[in-house]
Amino acid sequence: MAHRLLRDHDADGWERSDFPIICESCLGDNPYVRMTRADYDKECKICTRPFTVFRWRPGRDARYKKTEICQTCSKLKNVCQVCLLDLEYGLPVQVRDTALSISSHDAIPRSDVNREYFAEEHDRRARAGFDYESSYGKVRPSDTILKLQRTTPYYKRNRAHICSFYVRGECIRGAECPYRHEMPETGELSQQNIKDRYYGVNDPVALKLLNKAGEMPSLEPPEDESIRTLYVGGLDKRVTEQDLRDNFYAHGEIESIKMVLDKACAFVTYTTREGAEKAAEELSNKLVIKGLRLKLMWGKPQAPKPESETSEGARQQAAVAHSGMLPRAVISQQQNQFQPSGSQDQPPPMHYFNIPPPPQQERTFYPSMDPQRMGALVPSQDGENKTGPEKPQEGQRYTYQAMPPPLHGQYPHQLYPSYGYMPPMPPYQHYPPYHSAMPPPSQAPPTAQLYQQSGTPMPPAIVNAPPASRPSVSTPSGSAPSGAPLASAASGSTLQ
Amino acid sequence: MTGQTMPKVKTNRVKYPEGWELIESTLRELQAKMREAENDPHEGKRKCETLWPIFKIVHQKSRYIFYLYHRRKEISKELYEFCLDQGYADRNLIAKWKKPGYERLCCLRCMQPRDHNFATACVCRVPKHLREEKVIECVHCGCKGCASGD
């Protein structure tokens, strides 16, 4: 202690502060957080100047976190002192700078004395009232960055570190070991360097995110000109019809809004096609209501509900197709025939897109009766509720009923698609969660199959969508191209 | 050379009070155990973990003497005081054991708020049903829970 008292802190440029600059995720979910403050406790990882270290526990199952870089460095880049991600968007520095085309690369020197001098100068000026960092507030958010940003706090990063003894098989602490007993993730993402992350250079996470951003498809209008309905997915009970109206009215006159709460989705129909297109363009990948990121896709006309006029013949056909377990090729022909005729001249009141009609057709009641469950790749009627409960963990994620635009014209797919489809690959059922901005990969295998049959070329959006970091090529959900050959293999001889 | 010798030094020879023979053997055993713990190599142990056996044995010795005098009343006050003076038991720790709520206190550090952040006591003082982690070893003395209820 004595040596600290003898130093003149101001003269040396040591930093003292009263509260950390941190993001919500790092602060944690507990509103009652106890934080210790230690002046000049550690040196900043970037500029190596002593600074005030704050230490707290961000929640019950979290490790203790402490500030790693000083406030000067964090203000220069507008990042959290702990995780070094942007305070507003939660993105790595490199991503934010590329997306907003900011380049302060050259401004911050990186070599020893230069860096210390720069940091001190900046600090001194900031304290004297010269306002540097407001430049980050003035930049208008771009489309890309709005698509990429994190909307909810991410607490997984607050978990305890991996127990290195466990990795070697030597952890003798057993139950009282506070570290995680899991195997560490390997791969390029695990080699990160705090300086690289801070300066926005050569950051593997940022590169991955940027690649993904480049491949995010834009929402193309479907070829069928009369579709004026947008599908909104990922709803919650917090989002009301009024919220949807508020968000969607700006782009065109809303004809109707139909909310389907049990499927966590809604359908917004415009009076004009242009309104729908405009809305799609403006809101695609950017729709965030009450902090909930919503998925926006084009609505797909569907085998209508029994109340609807044109339905009868279509439904009978569908019923036959479904319960008769016809080969896929036949069914798709049927679908192609009936679809163009049946779908487009339905007057509003609403198309109930992909909502299961009440069970009036012959249904399969046992998994063994259901072709999808047993491995045949039959694109079924929407009433596939059986497969839903069987794959509950994916059901929520894959309740994207709206087809991506190029699939327009095909028969609507079941509600809980995909992994009912791929019993040949049970070990690959467990997927890491996808970023919600991605087009539903679940659509990829079924669409792949359909494309196999009908010979339609695979839409580029779907093909490119899954990121390269999928665990293995053979994972069915992983990449559509591999999904296609697998699907075709699984579907047997009736195809091709 | 006669005459010039060093002045006679007064030594304090230990005079064992009566009743000593009864407890001597146990105390000698415990002392041997302590010596062993002191000489244990540190291999394979964490830094804080190396000191845990010391605290444990101090607790054990003090416990023995405390029970003999305060609970079972088998030794005289003189012998008890003698043991405390000679260092066979920790007087301050025993003083805490006489207080309600601290009957099972593991060591003096664990209840000292000055030794902890936010002026709390050690986690081992928290009863198991109020804790979130059920299995803990406190960092000071390796205690797994010394609340009086558990």
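Every residue gets a Cβ built from N, Cα and C, even glycine.
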Given ranges A:17-44, A:157-184, A:269-296, the stretch to which TrEMBL attaches the annotation zinc finger: A:157-184
Secondary structure tally of the domain 'RRM' (A:228-301) (DSSP, helix then strand then coil): 25 helix, 26 strand, 23 coil
Other parts of the chain folded back onto the domain 'C3H1-type' (A:157-184), taken as Cβ under 8 Å at six or more residues beyond its ends: 25-26, 28, 58-59, 61-63, 65, 83, 190
DSSP-assigned states of the domain 'C3H1-type' (A:157-184) in counts, ordered helix, strand, coil: 10 helix, 2 strand, 16 coil
